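Peer 1: After the C-alpha coordinates below, expect a handful of questions from me.
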(Lines of atoms letter the chains of each structure in order from A and count residues from 1; the text may use other names and numbers.)
(Lines give C-alpha, C1' and ligand atoms only; values in the text may rest on other atoms or scores of the structure.)
Protein backbone atom coordinates (compact mmCIF):
# COMPACT_ATOMS: atom_id res chain seq x y z
CA UNK A 1 0.00 0.00 0.00
CA UNK A 2 1.55 3.28 -1.13
CA UNK A 3 0.30 6.73 -0.12
CA UNK A 4 1.22 9.94 -1.88
CA UNK A 5 0.20 13.51 -1.13
CA UNK A 6 -1.27 15.19 -4.20
CA UNK A 7 -1.72 18.65 -2.70
CA UNK A 8 -1.49 20.33 0.68
CA UNK A 9 -3.05 23.59 1.76
CA UNK A 10 -1.68 26.75 3.29
CA UNK A 11 -2.79 27.23 6.88
CA UNK A 12 -3.95 23.63 7.30
CA UNK A 13 -2.45 20.15 7.49
CA UNK A 14 -5.27 18.88 5.29
CA UNK A 15 -4.27 17.25 2.05
CA UNK A 16 -5.57 15.56 -1.04
CA UNK A 17 -3.92 12.19 -1.44
CA UNK A 18 -3.86 8.94 -3.32
CA UNK A 19 -3.43 5.39 -2.06
CA UNK A 20 -2.21 2.85 -4.61
CA UNK A 21 -1.28 -0.79 -4.35
CA UNK A 22 -4.47 -1.82 -2.54
CA UNK A 23 -4.33 -5.56 -3.13
CA UNK A 24 -7.52 -7.43 -4.03
CA UNK A 25 -6.97 -10.95 -5.30
CA UNK A 26 -4.23 -10.77 -7.91
CA UNK A 27 -4.93 -7.14 -8.82
CA UNK A 28 -4.51 -3.69 -7.31
CA UNK A 29 -6.65 -0.60 -6.88
CA UNK A 30 -6.08 3.07 -6.14
CA UNK A 31 -8.10 5.35 -3.88
CA UNK A 32 -8.38 9.13 -3.72
CA UNK A 33 -8.41 10.70 -0.25
CA UNK A 34 -9.98 12.07 1.85
CA UNK A 35 -12.55 9.30 1.74
CA UNK A 36 -14.38 6.74 3.85
CA UNK A 37 -14.61 2.98 4.13
CA UNK A 38 -17.91 1.20 3.54
CA UNK A 39 -19.21 -0.01 6.91
CA UNK A 40 -20.05 -3.72 7.15
CA UNK A 41 -21.35 -6.08 9.83
CA UNK A 42 -20.58 -9.80 9.71
CA UNK A 43 -19.22 -9.36 6.21
CA UNK A 44 -22.01 -7.45 4.48
CA UNK A 45 -23.38 -3.94 4.19
CA UNK A 46 -26.30 -4.08 6.68
CA UNK A 47 -29.76 -4.53 5.08
CA UNK A 48 -28.34 -4.70 1.52
CA UNK A 49 -27.53 -7.50 -0.90
CA UNK A 50 -24.42 -7.00 -3.00
CA UNK A 51 -26.49 -6.27 -6.12
CA UNK A 52 -28.54 -3.67 -4.27
CA UNK A 53 -25.41 -2.14 -2.77
CA UNK A 54 -23.85 -1.74 -6.20
CA UNK A 55 -26.90 0.19 -7.41
CA UNK A 56 -25.28 3.08 -5.57
CA UNK A 57 -22.84 3.45 -8.47
CA UNK A 58 -19.52 4.72 -7.12
CA UNK A 59 -19.53 2.17 -4.30
CA UNK A 60 -18.53 -0.91 -6.33
CA UNK A 61 -14.79 -0.62 -5.65
CA UNK A 62 -15.00 1.32 -2.39
CA UNK A 63 -12.84 -0.26 0.34
CA UNK A 64 -14.88 -2.04 2.99
CA UNK A 65 -14.35 -1.83 6.73
CA UNK A 66 -14.70 -5.21 8.44
CA UNK A 67 -14.90 -4.79 12.24
CA UNK A 68 -13.29 -7.85 13.79
CA UNK A 69 -15.91 -8.79 16.45
CA UNK A 70 -18.72 -10.02 14.14
CA UNK A 71 -16.37 -11.95 11.81
CA UNK A 72 -14.34 -13.92 14.36
CA UNK A 73 -17.01 -16.63 14.52
CA UNK A 74 -16.48 -17.77 10.92
CA UNK A 75 -12.68 -17.60 10.75
CA UNK A 76 -12.43 -21.42 10.53
CA UNK A 77 -14.82 -21.45 7.58
CA UNK A 78 -12.82 -18.74 5.80
CA UNK A 79 -9.64 -20.71 6.44
CA UNK A 80 -11.14 -23.84 4.89
CA UNK A 81 -12.48 -21.76 2.00
CA UNK A 82 -8.93 -20.66 1.30
CA UNK A 83 -9.61 -17.54 -0.78
CA UNK A 84 -9.77 -14.87 1.90
CA UNK A 85 -12.48 -12.79 3.53
CA UNK A 86 -13.41 -10.67 0.52
CA UNK A 87 -14.22 -13.66 -1.68
CA UNK A 88 -15.93 -15.50 1.19
CA UNK A 89 -18.48 -12.69 1.66
CA UNK A 90 -18.72 -11.94 -2.11
CA UNK A 91 -17.20 -8.47 -1.76
CA UNK A 92 -14.05 -9.36 -3.66
CA UNK A 93 -14.12 -6.12 -5.67
CA UNK A 94 -13.75 -4.13 -2.44
CA UNK A 95 -10.34 -3.79 -0.78
CA UNK A 96 -10.78 -5.12 2.77
CA UNK A 97 -9.75 -3.21 5.91
CA UNK A 98 -10.02 -4.95 9.28
CA UNK A 99 -10.44 -2.89 12.47
CA UNK A 100 -10.07 -4.37 15.95
CA UNK A 101 -13.31 -2.98 17.42
CA UNK A 102 -16.71 -2.18 15.89
CA UNK A 103 -17.35 1.59 15.65
CA UNK A 104 -21.10 0.92 16.02
CA UNK A 105 -20.83 -1.04 19.28
CA UNK A 106 -19.67 0.36 22.62
CA UNK A 107 -16.50 -1.47 23.69
CA UNK A 108 -16.74 -2.91 27.23
CA UNK A 109 -14.03 -1.53 29.50
CA UNK A 110 -11.52 -3.45 31.62
CA UNK A 111 -10.98 -6.61 29.56
CA UNK A 112 -7.59 -6.00 27.91
CA UNK A 113 -4.30 -7.13 29.43
CA UNK A 114 -0.62 -7.22 28.54
CA UNK A 115 -1.12 -10.52 26.70
CA UNK A 116 -3.80 -9.28 24.33
CA UNK A 117 -7.12 -7.63 23.56
CA UNK A 118 -10.74 -8.73 23.99
CA UNK A 119 -13.50 -8.48 21.39
CA UNK A 120 -17.10 -9.67 21.60
CA UNK A 121 -18.81 -11.82 18.99
CA UNK A 122 -22.24 -13.46 19.12
CA UNK A 123 -20.94 -16.06 21.56
CA UNK A 124 -19.39 -13.61 23.99
CA UNK A 125 -15.86 -12.52 24.81
CA UNK A 126 -12.96 -13.60 22.61
CA UNK A 127 -9.46 -12.84 23.90
CA UNK A 128 -6.89 -12.37 21.15
CA UNK A 129 -3.12 -12.49 21.59
CA UNK A 130 -0.70 -11.65 18.75
CA UNK A 131 -0.39 -15.29 17.68
CA UNK A 132 -4.12 -16.08 17.54
CA UNK A 133 -4.77 -12.71 15.90
CA UNK A 134 -2.14 -13.28 13.21
CA UNK A 135 -3.60 -16.71 12.46
CA UNK A 136 -6.96 -14.99 11.92
CA UNK A 137 -5.40 -12.46 9.56
CA UNK A 138 -3.74 -15.28 7.61
CA UNK A 139 -7.18 -16.81 7.08
CA UNK A 140 -8.83 -13.49 6.16
CA UNK A 141 -5.98 -12.26 3.90
CA UNK A 142 -7.13 -8.62 4.15
CA UNK A 143 -5.88 -5.78 2.03
CA UNK A 144 -5.03 -3.93 5.23
CA UNK A 145 -5.47 -4.58 8.94
CA UNK A 146 -5.05 -2.74 12.22
CA UNK A 147 -2.53 -4.33 14.56
CA UNK A 148 -3.78 -5.36 17.99
CA UNK A 149 -4.02 -2.36 20.31
CA UNK A 150 -5.46 -1.29 23.65
CA UNK A 151 -7.87 1.59 23.01
CA UNK A 152 -9.72 1.33 26.32
CA UNK A 153 -9.33 5.01 27.24
CA UNK A 154 -12.64 6.70 28.08
CA UNK A 155 -12.50 10.44 28.79
CA UNK A 156 -12.17 9.84 32.54
CA UNK A 157 -9.33 7.30 32.17
CA UNK A 158 -6.61 7.54 34.82
CA UNK A 159 -2.94 8.19 34.02
CA UNK A 160 -2.22 4.58 34.93
CA UNK A 161 -4.81 3.34 32.40
CA UNK A 162 -3.43 5.67 29.72
CA UNK A 163 0.13 4.51 30.39
CA UNK A 164 -0.93 0.89 30.04
CA UNK A 165 -2.82 1.59 26.82
CA UNK A 166 0.24 3.25 25.27
CA UNK A 167 2.75 0.64 26.46
CA UNK A 168 0.59 -2.34 25.55
CA UNK A 169 -0.27 -0.97 22.12
CA UNK A 170 3.41 -0.50 21.25
CA UNK A 171 4.27 -3.97 22.55
CA UNK A 172 1.39 -5.61 20.69
CA UNK A 173 2.32 -3.73 17.51
CA UNK A 174 5.90 -4.99 17.72
CA UNK A 175 4.70 -8.57 18.11
CA UNK A 176 2.19 -8.26 15.25
CA UNK A 177 4.88 -6.78 12.99
CA UNK A 178 7.29 -9.61 13.79
CA UNK A 179 4.67 -12.27 13.09
CA UNK A 180 3.59 -10.57 9.87
CA UNK A 181 7.21 -10.55 8.69
CA UNK A 182 7.37 -14.33 9.23
CA UNK A 183 4.03 -15.02 7.50
CA UNK A 184 4.01 -15.88 3.81
CA UNK A 185 0.23 -15.29 3.73
CA UNK A 186 0.47 -11.64 4.83
CA UNK A 187 3.30 -10.37 2.64
CA UNK A 188 0.88 -8.37 0.50
CA UNK A 189 -1.30 -7.12 3.39
CA UNK A 190 -0.70 -3.65 4.80
CA UNK A 191 -0.64 -3.12 8.56
CA UNK A 192 -1.69 -0.06 10.57
CA UNK A 193 -0.30 1.14 13.89
CA UNK A 194 -2.52 2.87 16.44
CA UNK A 195 -1.83 6.12 18.29
CA UNK A 196 -3.16 6.02 21.86
CA UNK A 197 -3.10 8.29 24.89
CA UNK A 198 -6.67 9.44 25.34
CA UNK A 199 -6.89 13.16 26.13
CA UNK A 200 -3.40 13.42 27.64
CA UNK A 201 -0.87 15.29 25.48
CA UNK A 202 2.19 13.67 27.03
CA UNK A 203 0.97 10.13 26.42
CA UNK A 204 -0.22 11.06 22.92
CA UNK A 205 3.25 12.37 22.09
CA UNK A 206 4.94 9.20 23.36
CA UNK A 207 2.52 6.98 21.45
CA UNK A 208 2.78 8.95 18.21
CA UNK A 209 6.58 9.03 18.27
CA UNK A 210 6.95 5.34 19.14
CA UNK A 211 4.38 4.20 16.57
CA UNK A 212 5.98 6.37 13.87
CA UNK A 213 9.30 4.57 14.45
CA UNK A 214 7.73 1.25 13.40
CA UNK A 215 7.47 -0.04 9.85
CA UNK A 216 3.72 0.46 9.49
CA UNK A 217 1.74 1.43 6.40
CA UNK A 218 -0.50 3.97 8.10
CA UNK A 219 -1.84 5.21 11.42
CA UNK A 220 -5.17 4.89 13.23
CA UNK A 221 -5.88 7.67 15.72
CA UNK A 222 -7.55 5.75 18.56
CA UNK A 223 -8.71 6.41 22.09
CA UNK A 224 -10.88 9.54 21.80
CA UNK A 225 -14.03 7.45 22.36
CA UNK A 226 -15.10 3.89 23.17
CA UNK A 227 -17.25 3.42 20.03
CA UNK A 228 -21.02 3.12 19.75
CA UNK A 229 -23.70 5.50 18.38
CA UNK A 230 -23.11 7.88 21.31
CA UNK A 231 -19.82 8.86 19.66
CA UNK A 232 -21.96 11.22 17.56
CA UNK A 233 -22.04 13.59 20.55
CA UNK A 234 -18.25 14.07 20.42
CA UNK A 235 -17.36 17.65 19.50
CA UNK A 236 -14.34 18.33 17.33
CA UNK A 237 -13.23 21.13 19.64
CA UNK A 238 -12.73 18.53 22.39
CA UNK A 239 -9.98 16.81 20.42
CA UNK A 240 -8.70 19.55 18.08
CA UNK A 241 -5.55 20.62 19.93
CA UNK A 242 -4.40 17.08 20.70
CA UNK A 243 -5.20 15.91 17.18
CA UNK A 244 -3.17 18.76 15.71
CA UNK A 245 -0.18 17.87 17.88
CA UNK A 246 -0.43 14.18 17.01
CA UNK A 247 -0.67 14.84 13.26
CA UNK A 248 2.46 17.00 13.44
CA UNK A 249 4.41 14.03 14.81
CA UNK A 250 3.37 11.57 12.09
CA UNK A 251 5.14 11.22 8.73
CA UNK A 252 3.53 12.90 5.74
CA UNK A 253 3.84 9.90 3.44
CA UNK A 254 1.45 7.57 5.27
CA UNK A 255 -2.36 7.74 5.57
CA UNK A 256 -4.18 8.59 8.80
CA UNK A 257 -7.42 6.93 9.85
CA UNK A 258 -10.04 8.08 12.36
CA UNK A 259 -13.02 5.79 12.94
CA UNK A 260 -16.36 6.24 14.65
CA UNK A 261 -19.94 7.48 14.33
CA UNK A 262 -18.82 11.06 13.72
CA UNK A 263 -20.96 14.02 12.71
CA UNK A 264 -20.28 15.61 9.30
CA UNK A 265 -18.91 18.84 10.75
CA UNK A 266 -16.46 16.79 12.86
CA UNK A 267 -15.31 14.90 9.76
CA UNK A 268 -14.88 18.06 7.69
CA UNK A 269 -12.78 19.75 10.38
CA UNK A 270 -10.73 16.58 10.90
CA UNK A 271 -9.96 16.50 7.17
CA UNK A 272 -8.58 20.05 7.37
CA UNK A 273 -6.41 18.93 10.30
CA UNK A 274 -4.93 16.09 8.24
CA UNK A 275 -7.10 12.98 8.63
CA UNK A 276 -7.41 11.05 5.36
CA UNK A 277 -9.82 8.15 5.92
CA UNK A 278 -13.00 7.69 7.96
CA UNK A 279 -15.78 5.08 7.88
CA UNK A 280 -19.46 5.26 6.94
CA UNK A 281 -20.84 4.09 10.29
CA UNK A 282 -22.77 7.38 10.65
CA UNK A 283 -24.95 6.29 7.72
CA UNK A 284 -25.69 2.96 9.39
CA UNK A 285 -26.37 4.61 12.76
CA UNK A 286 -28.95 6.86 11.11
CA UNK A 287 -30.62 3.87 9.45
CA UNK A 288 -30.79 1.93 12.71
CA UNK A 289 -32.45 4.93 14.35
CA UNK A 290 -35.04 5.10 11.55
CA UNK A 291 -33.60 8.37 10.28
CA UNK A 292 -32.64 9.78 6.88
CA UNK A 293 -29.54 11.94 6.54
CA UNK A 294 -30.62 15.31 5.17
CA UNK A 295 -27.73 17.67 5.95
CA UNK A 296 -26.83 20.03 3.11
CA UNK A 297 -23.39 19.31 1.70
CA UNK A 298 -23.47 19.86 -2.06
CA UNK A 299 -22.08 23.40 -2.20
CA UNK A 300 -19.10 25.29 -0.81
CA UNK A 301 -21.55 27.43 1.18
CA UNK A 302 -22.91 24.30 2.89
CA UNK A 303 -19.44 23.18 3.95
CA UNK A 304 -18.45 26.67 5.06
CA UNK A 305 -21.54 26.65 7.30
CA UNK A 306 -20.32 23.41 8.92
CA UNK A 307 -16.95 25.01 9.61
CA UNK A 308 -18.68 27.93 11.30
CA UNK A 309 -21.08 26.10 13.61
CA UNK A 310 -22.42 22.69 14.60
CA UNK A 311 -25.47 21.47 12.72
CA UNK A 312 -28.76 21.30 14.57
CA UNK A 313 -30.10 17.76 14.98
CA UNK A 314 -32.97 18.51 12.60
CA UNK A 315 -30.45 19.75 10.03
CA UNK A 316 -28.47 16.51 10.29
CA UNK A 317 -31.19 13.88 10.00
CA UNK A 318 -34.95 13.38 9.79
CA UNK A 319 -36.86 10.88 11.95
CA UNK A 320 -38.91 8.88 9.45
CA UNK A 321 -40.97 7.19 12.17
CA UNK A 322 -42.49 10.52 13.16
CA UNK A 323 -46.23 10.70 12.44
CA UNK A 324 -45.85 14.01 10.59
CA UNK A 325 -44.57 12.05 7.57
CA UNK A 326 -47.79 10.03 7.23
CA UNK A 327 -49.02 12.25 4.40
CA UNK A 328 -45.67 13.59 3.25
CA UNK A 329 -45.64 12.74 -0.46
CA UNK A 330 -42.17 14.02 -1.38
CA UNK A 331 -38.78 12.25 -1.52
CA UNK A 332 -36.57 11.92 1.54
CA UNK A 333 -34.46 14.69 0.04
CA UNK A 334 -35.64 16.66 -2.98
CA UNK A 335 -32.16 17.06 -4.49
CA UNK A 336 -31.09 13.43 -3.98
CA UNK A 337 -30.73 11.08 -6.97
CA UNK A 338 -30.52 7.81 -5.00
CA UNK A 339 -32.84 4.86 -5.70
CA UNK A 340 -34.97 5.55 -2.62
CA UNK A 341 -35.50 9.23 -3.40
CA UNK A 342 -36.23 8.75 -7.10
CA UNK A 343 -38.85 6.05 -6.53
CA UNK A 344 -40.50 6.44 -3.10
CA UNK A 345 -42.03 9.06 -0.83
CA UNK A 346 -41.48 9.89 2.81
CA UNK A 347 -45.02 8.71 3.51
CA UNK A 348 -44.32 5.23 2.12
CA UNK A 349 -41.01 4.85 3.96
CA UNK A 350 -42.72 6.04 7.16
CA UNK A 351 -45.35 3.33 6.61
CA UNK A 352 -42.71 0.63 6.04
CA UNK A 353 -40.81 1.52 9.20
CA UNK A 354 -43.90 1.67 11.39
CA UNK A 355 -45.16 -1.70 10.15
CA UNK A 356 -41.77 -3.37 10.58
CA UNK A 357 -41.23 -4.09 6.89
CA UNK A 358 -37.58 -4.76 6.00
CA UNK A 359 -37.83 -2.64 2.87
CA UNK A 360 -37.94 0.47 5.05
CA UNK A 361 -34.39 -0.05 6.32
CA UNK A 362 -33.23 -1.13 2.87
CA UNK A 363 -34.38 2.18 1.39
CA UNK A 364 -32.94 4.19 4.27
CA UNK A 365 -29.61 2.38 3.90
CA UNK A 366 -29.45 3.14 0.19
CA UNK A 367 -30.20 6.80 0.78
CA UNK A 368 -27.91 7.27 3.79
CA UNK A 369 -24.88 5.60 2.19
CA UNK A 370 -25.43 7.54 -1.04
CA UNK A 371 -25.72 10.82 0.86
CA UNK A 372 -22.66 10.15 3.03
CA UNK A 373 -20.48 9.22 0.05
CA UNK A 374 -21.67 12.38 -1.70
CA UNK A 375 -20.54 14.34 1.34
CA UNK A 376 -16.98 12.98 1.05
CA UNK A 377 -16.98 13.78 -2.67
CA UNK A 378 -18.04 17.35 -1.85
CA UNK A 379 -15.17 17.65 0.63
CA UNK A 380 -12.64 16.64 -2.03
CA UNK A 381 -14.12 19.18 -4.46
CA UNK A 382 -14.15 21.84 -1.73
CA UNK A 383 -10.46 21.23 -0.98
CA UNK A 384 -9.46 21.43 -4.63
CA UNK A 385 -11.24 24.75 -5.13
CA UNK A 386 -10.25 26.36 -1.85
CA UNK A 387 -6.73 24.99 -2.01
CA UNK A 388 -6.20 26.71 -5.33
CA UNK A 389 -7.52 29.99 -3.90
CA UNK A 390 -5.25 29.76 -0.85
CA UNK A 391 -2.18 28.85 -2.87
CA UNK A 392 -2.85 31.80 -5.17
CA UNK A 393 -3.14 34.10 -2.17
CA UNK A 394 -6.82 34.93 -2.80
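Here the Cβ of each residue, glycine as well, is placed from N, Cα and C on the backbone.
Okay, so Swiss-Prot annotates it like this:
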- 336, 338, 341, 367: Zn(2+) binding site (BINDING)
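Neighbours and distances for these, please.
Peer 2: Its Cβ placed at the centre, residue 338 (Zn(2+) binding site) has 22 other Cβ atoms within 10 Å.
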Peer 1: Below 8 Å Cβ to Cβ and six or more residues apart, same chain only. Which residues does that give for residue 341 (Zn(2+) binding site)?
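Peer 2: Result: 331, 332, 333, 334, 367.
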